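> One structure, pasted below without further comment.
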């Protein structure tokens, strides 16, 4: 399900006796982090990209790889995976180096103005600039708190769906009232290769945060006896021979009923956590990094923040906004990397220099 990097892009880091010296380190390989590679590349700035996930795409891949996105300019509709794949193709010419499955644990300013960066896996860098594109930070699913339930993690209890085929033909109990819960309930009821044997949706109340159309469709399916909806909360489980056989659901009437199941899917949303970023000395407001809107610089010169991780007056958490921020951040970083060079704005439509950087032929006009 995860997007695949081409060999030219993956360029995994070779073994180094000392830190990897580079012009830019990007923290986060979501859509905004990937586009930051592009904007830096146009200025001939090469980057290393670090992400805690094992693959690129960030929230787009982790949360909604197959859900449609409608607000990317000139792309009427694409999925999170399609957007990620397109961005990976777009940044191929710039040969970014990716370091997956690791978090940045140390950031220290050096006497020469550079930053020493170390990851949780011990990868070390000396970089002139840092771009934080970490989305909402390290996001963790909100857990269903029932004593002993965690023993079934990733066998019968799941907080996300990586491969829908794994749940085909199963008796599913889905807990939650947001878009993810409703979307997956409808997905597993629908005819097709991933159709479940049965789907029961459990939510603590009759009101939902999900899209009204999804709620209406769910109720229509319940009326047709194709799925069930129960108002209540999961308060326990039945177990036999080390296997969960049912969820105990307590309704508003105080009565607890046992609902048979093969798999319990829980969608309570995500709890964003800044993680180590919170200890880097950056100005933070409500778990977001404060930036100026000229260069998207933080309070520490040389460290920039783009995408959902930042905040400023009028901030809108849109992928589109993040892309705009990447361009200004790249130009804002250029003086740290090329202090004696004046950077001119050039256009990819007409600049032979940019055509060379992109590896394309310059058009000849009559």
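Cβ coordinates come from backbone N, Cα and C, glycine included.
Straight from Swiss-Prot, here's the annotation block:
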BINDING   51, 59, 64, 104, 139, 308, 349  FAD binding site
> Specify the count of other C-beta atoms within 10 Å of the C-beta of residue 349 (FAD binding site).
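I get 8 for this one.
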> Enter the number of other CB atoms within 10 angstroms of the CB of residue 104 (FAD binding site).
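A count of 25.
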> If you draw a 10 Å sphere on the Cβ of residue 64 (FAD binding site), how many other Cβ atoms land inside?
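The Cβ of residue 64 (FAD binding site) has 16 Cβ neighbours within 10 Å.
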> When a 10 Å sphere is centred on the Cβ of residue 51 (FAD binding site), how many other Cβ atoms does it contain?
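Within a 10 Å radius of the Cβ of residue 51 (FAD binding site) lie 25 other Cβ atoms.
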